[in-house]
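Asks: Following this message is one structure expressed as structure tokens.
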Amino acid sequence: GVEVGPQPQGIIRADILEKMRKIVKHGLDFVQLFNEGQEFPPCTIEAYKIMEKVDYPRNKNDEVIAIIHPKLQDQDWQPLNKGDPLFLTLAGEVIEYKGDSTFYPAFINEAAYYEKKHAFVKTVKVKLTAELLRSETR
């Protein structure tokens, strides 16, 4: 499967649709070239690995007491460092990231994850290496 986003539920965005079409075309081109016997050299790519799901701050009654900070909104895949703002309480207090290591938030404030109690997910960059790839039918 291919998931391309973010985009609100029930909405079709032209830019996201174009990205989806492009990635599906690349996938189909790869399958065709592979089936024709083309070899693909070893390569390394950067990817993001989900490490933790982060909920909104809540009170003892399990009610949300803070929202995504405006500086974090729409910053999926951008580095977040110690001291950067995460949430803004309804009283106007900023809740900062207190961790020591940089992470890359994703799926920030996504409506589809709100009921699952996910304000965002923490990801880290990883390098994936693929060996030489060729069809065995060659």
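Keep in mind that glycine also has a Cβ here, set from the backbone N, Cα and C atoms.
Sharing the feature lines straight out of TrEMBL:
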- 44-123: domain 'AstE/AspA barrel-sandwich hybrid' (DOMAIN)
Asks: Within the domain 'AstE/AspA barrel-sandwich hybrid' (44-123), count helix residues (DSSP H, G, I), strand residues (E, B) and coil residues, in that order.
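Replies: Across the domain 'AstE/AspA barrel-sandwich hybrid' (44-123), DSSP assigns the residues as follows: 4 helix, 33 strand, 43 coil.
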Asks: For the domain 'AstE/AspA barrel-sandwich hybrid' (44-123), what is the mean per-residue pLDDT, to the nearest integer?
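Replies: Its mean pLDDT is 95.
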